[in-house]
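Please read the structure below before turning to the comments.
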Amino acid sequence: MWQEYYFLNVFFPLLKVCCLTINSHVVILLPWECYHLIWKILPYIGTTVGSMEEYNTSSTDFTFMGLFNRKETSGLIFAIISIIFFTALMANGVMIFLIQTDLRLHTPMYFLLSHLSLIDMMYISTIVPKMLVNYLLDQRTISFVGCTAQHFLYLTLVGAEFFLLGLMAYDRYVAICNPLRYPVLMSRRVCWMIIAGSWFGGSLDGFLLTPITMSFPFCNSREINHFFCEAPAVLKLACADTALYETVMYVCCVLMLLIPFSVVLASYARILTTVQCMSSVEGRKKAFATCSSHMTVVSLFYGAAMYTYMLPHSYHKPAQDKVLSVFYTILTPMLNPLIYSLRNKDVTGALKRALGRFKGPQRVSGGVF
């Protein structure tokens, strides 16, 4: 029975999540087992969804009409996306490594940032490698089960990031506006609840929307006018009425997008109000610069996603959809570590210490988190 397989081979190993423990303090969770869990469940999702293919045509492969359909610019686009992809992996990987190994970064803020980096690495790896491989092999196809898996992972990871960004803004609000209560309001237990809630919310979105999206009967044309299996692009191939499902998707997006984004806006509004009361002009300028850069990235991420998922698909234009999707699926995972972390003096200091560690061990006093 698959239930027994799930408990013995999936749930039990999930309990043994790898943690770094220093001075009896759990510093950072590395939820690779969560990703492993998703991959183990996917065959069952694929089997369930695959049984619905009897309503479709005899061909079970989809064809992407992606970013490389113009030969004169495809080579340049391939090079740019490759650079962005490997930069995102490197920057996020460096962030996770530094937060793990440097005791000065063992704080709630960097704990949450490490999970943002991990989600970004998984997120971009769900979409970009398939694009690059298809270009190198001169093919544009993806199987039905592969499209289902990509759609599920994408929704799960992007949903988790939506929630996490909102809660990270709340963390900054507490740190700046209520510094005396910060150790209580952002305790280790609260941080674990934030991470668990983000992953749960993202997984719920994936489990709810993926089977419905892939269960529609598709017309003879299986050409997805996109570079990955995004719901609005896939729904355009459906031969059935999708109005009810679009309503369900709209409700989900209100919960997944507008609520976290409202938390972000409210948190930064309170932060800016508090910053205006600072006596230091230099401090105000630095705070405004930091908040503006954060809000730019967050607005880009949420805004593009809102346009994609909260408008009826009859209003969508394929060219615009692909450009907007590039912003929040490819660019954002690269920008997040650069904006949130690598410009920070604490992180640059940790990087210098890591590079100079070969000179000899350094004794460092850690934080209380």
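Yeah, the Cβs are placed from backbone N, Cα and C, and that goes for glycine too.
Going by Swiss-Prot, the topological domain containing Tyr182 carries a different name from the one containing Leu311, and the two residues are therefore on opposite sides of the membrane. Among the residue ranges 28-48, 322-342, the one that Swiss-Prot annotates as transmembrane segment is 322-342. Taking Swiss-Prot as the reference, the stretch among 3-23, 192-212 described by the feature transmembrane segment is residues 192-212. Between the transmembrane segment (77-97) and the listed ranges 108-128, 149-169, 287-307, the one holding the most Cβ pairs under 8 Å is 108-128.
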